[in-house]
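J.: Dumping what TrEMBL says about this protein:
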DOMAIN    A:24-253  domain 'MacB-like periplasmic core'
DOMAIN    A:294-413  domain 'ABC3 transporter permease C-terminal'
TRANSMEM  A:25-45  transmembrane segment
TRANSMEM  A:290-315  transmembrane segment
TRANSMEM  A:343-365  transmembrane segment
TRANSMEM  A:385-403  transmembrane segment
Amino acid sequence: MRFIFDSNTWQEIFGSIGKNRTRTIITIIGVLWGIFIYIALSGAAKGLDNGFEEQFENVAMNSLFTWAQTTSMPYEGFKTGRPLQLKLSDVTVLENRIPEIQYIAPRNVKGVFGGSPGLIVRGTKSGNYNVYGDYPVYTKIATKKIYDGGRFINDKDIELTRKVCVIGERTQKELYEKEENPIGTFLRIDNIYFQVVGVHKFTPGGGFESDSDIYIPFTTYRKLYNTGDDVGWLTIAAYDDADVVQVEKDVKAILKSIHRVDPRDERAFGSFNLGEIFTRISGFANGLTFMSLVVGIATILAGVIGIGNILLISVKERTKELGVRRALGATPREVKAQIILESVFLTMIAGIMGIILGAITLYGINLGTEDLDFPYTNPTVPIPYVLGALVIMVVLGTLIGLIPAQRAVSIKPIDALREE
Amino acid sequence: MIEIKDLHKSYKMGKNSLHVLKGINFSVEEGELVAIMGSSGSGKSTLLNILGMLDVLDEGSYSLDKVPIINLNETKAAQYRNKFLGFVFQSFNLINYKTALENVALPLYYQRVGRKERNIKALKYLEQVGLKEWATHLPNELSGGQKQRVAIARAMAAEPKVLLADEPTGALDSKTSYEVMDLIQKINDSGNTILIVTHEPDIANMCKRVVHLKDGVIVEDKKITQVRASQYVQ
């Protein structure tokens, strides 16, 4: 230890390294490049991962949507091409028969899948906005942030078929004055007066929803638009430990049996499995992280081997100097330690520079993608990974340094002195 | 100080073996200034290398300051060299990226002397060889004579029992050679034991004893009247 903290040791290391500056710099670049690639790649992978997570942060990760289409196979006397319609009663059946379902929310909308959006009028201002019929349970699957003072639709609203609505940020901006509080005010949705009970904050990502959507109780919706027991689509969240893909299959199978559709008919019900897609995306990000680890370590290894190579040459060049040192009383251990320390020092310098460069690059990418609609947020490399990389480099630097160090002491001092 | 009995050394050159030293008996008392002379191939450098523990003997015995030098591994040899011996080489062998002061301090570094003390001591020896003002200069800023004086200071810094000089004036012109010899004589005057390998008779005559080697044996070993180098130095 005394050895490491002795200024003479370091002076000697700088002395021998500084002898051939160009060569040292080129050598360092090898390792620097390796750690740079490792940091930049794994940071970018983490950024993508974070970005995707942000996209889906307001939707349950293990949720899926399903809707009715038209049959593509004749079955039980029904001809092919029969249009299907989900019914409210399907919800109860699904809930009872699939225990993996945690929440299930039937939804209806006016204005998204064909049809015109609702006409919303307030005083002299008006606009066309999508109107959703919802149950309170929907917020368990996709969180809706409601501004202070307001609320989402609740069970009482459903029960009493209340004419209340939750409006979007943009709706508020377009129909209200700046300082006006919309809570408690009334507006006309397709000629029926509704009281505003909340304003929801728009969170980007996750489907077709926007900052101008209006939510009203499901029961009010069916009266308003005369939809009876019809359900537009189902939003289903499975328990965290459930297999979402299997739940999706079960849901479709049960719906097929209820609606008397051929079990082999793949086109009768459509679905979108967020859980599956999310698993795929996070698998992709994990793969990217793993790849950056492999590529980074391989490049670091190549760089470290380069350092070992250069030190071998440098030892050869310094044979005489090392001979002098040994004639003056340097033990083989001291000579070895010095060369290993040189190796480790070069590796560390290269590593730290690489980490700094990598961090700057990540910072640059982050700045560049900040305003873009690209799932990339806050690229980071966990500190333990960075420290781990440094440890690996020290270990590799030591191991590779052993080769030239051994070479340095394998020559007898007398032969070393004779070298010209 | 040095006791050598029946020393043999041969080198293997492929199948042949080259018998370099064929039974050397030789002893040096404390405070002597011995010149080892001989033509090239006479074995004088081999003898010096064995004395310097840079090489090992095949047969015979060698003891330095009553310590038998036998069965040395590299580490032990390095420690003995550091403790007992100072080396002066023909080609100076200073480390070129270190200043004169740092070069002189190097043996003390390997003796684990602290940095401050090291530098004080090194400066003292540099002063002794008259190069105090050159302490911060790199070897390539010094003349040949100055380099050799730095090397002598370095050899002295460890306060060795014996100073071994291998052709110390071989790379110097005669004027600087005499300056260096003058320095060596002064060091010897203060009681240090010094062995010099040389093939120059005028350098040998500046020693107190001359040992002639020929074909691996000592052919002549005589005490002489020392010629002082100072008379040639202005």
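Positions of Cβ are set from backbone N, Cα and C atoms, glycine also.
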J.: What are the DSSP helix, strand and coil residue counts for the domain 'ABC3 transporter permease C-terminal' (A:294-413)?
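T.: Per-class counts: 100 helix, 0 strand, 20 coil.
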J.: Below 8 angstroms Cβ to Cβ, which residues of this chain, lying six or more residues outside the transmembrane segment (A:343-365), approach it?
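T.: For the transmembrane segment (A:343-365), the list is 13, 17, 24, 27-40, 43-44, 47, 300, 303-304, 307-308, 311, 376, 379-381, 386, 389-390, 393-394, 396-398, 400-401, 404-405.
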J.: Using a Cβ-Cβ cut-off of under 8 Å, list the residues of the same chain that are 6+ residues beyond the ends of the transmembrane segment (A:290-315) and lie near it.
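T.: Long-range Cβ neighbours of the transmembrane segment (A:290-315): 16, 19-20, 23-24, 27-35, 37-42, 44-45, 322, 339, 342-343, 346-347, 350-351, 389, 392-393, 396-397, 400-401, 403-405, 407-408.
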J.: On the 0 to 100 pLDDT scale, where does the domain 'ABC3 transporter permease C-terminal' (A:294-413) sit on average?
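T.: On average, pLDDT over the domain 'ABC3 transporter permease C-terminal' (A:294-413) sits at 85.
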